[in-house]
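Colleague: Below are the features I grabbed from TrEMBL:
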COMPBIAS  281-293  compositional bias 'Polar residues'
DOMAIN    15-222  domain 'MARVEL'
REGION    238-293  region 'Disordered'
TRANSMEM  25-44  transmembrane segment
TRANSMEM  101-124  transmembrane segment
TRANSMEM  136-157  transmembrane segment
TRANSMEM  200-218  transmembrane segment
Amino acid sequence: MDVVNQLVAQGQFTILKQPLGFIKALQWIFAIFAFSTCGSYSGMFKMSVECKNRSESDLGIEVEFEYPFRLHQVYFDAPTCKEGRTERLFLIGDYSSSAEFFVTIGVFSFLYSMAALSVYCFILEKYRENNKGAQTDFVVTAVFAFMWLVSSCAWAKGLSDVKTATDPERVIALIAACEEPENRCREVYDPKVSGLNTSVAFGFINLILWVGNLWFVFKETGWMAAFAGTYVPSQEKQPAPDSFGQGGYGQQDPYAGSQGGYQPDYGQQGGYNEDGGYSQGYEQQPTSYSNQM
């Protein structure tokens, strides 16, 4: 286990610790469980027909069936309780379409999950480049989520019909000898369908995984950022026009010097002269005031 942790901690396998890669790994595993429990199934049930004449009885009629559940092709021989003859009977129903559809979705989900994990681990940079890989992944994930919904519901209905068609009590009703009151017919062994029940459960688990994975793939597409970027608040202040920067608010304060305040010019020549007047450093004609009587 320590070796696996070191392998994941180093390199690009760290994506398996993130929801994007971890859920994809779960999808890969549960897809195997789904199509294997359905596609590898084979079952059997047993009945007995006890005739009035014991020598004509058959106490161990075995009927075997398997995936893809074309039950109308499954037959067995039952005694007629008349002169030692037998009759060949077939089960009722063909449920291969729903079963094969379910298994097909499971196989393709397994292959796509394995391919996606390879992309995540080895070329994650290209996957996120321009968001094209993530957008394609989101569309395919949405399609598989819908396909798991359809296939799981279809197979659940198909399995219910398979259970009905392979119920020994219903099959006994097909035997003509069992209609005679002097003959005794009964079921000996019921078919075990727990594996098929598990396959339906795995189908809906896959549905939950693929629907849940949509959110984590959606965050990689960049669509969320695109939607957020198109929103412009109506109360947002508009920038000031350029005219304010040319005259008015943008004018330089004539009293502001290079050091940020009014700097008096101490270099001006001015002061009191000997005549008692004040002379300034400005070049202008002196003005004299005389008192006129």
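Cβ atoms are placed via backbone N, Cα and C, with glycine included.
Keep in mind that TrEMBL annotations are predicted by a computer and have not been checked by a curator.
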Colleague: Under 8 Å for C-beta pairs, could you tell me which stretch among 25-44, 101-124, 200-218 has the largest tally with the transmembrane segment (136-157)?
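Modeller: That would be 200-218.
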Colleague: Calculate the per-residue pLDDT averaged over the domain 'MARVEL' (15-222) and state the result as an integer.
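Modeller: Mean model confidence (pLDDT) across the domain 'MARVEL' (15-222) is 92.
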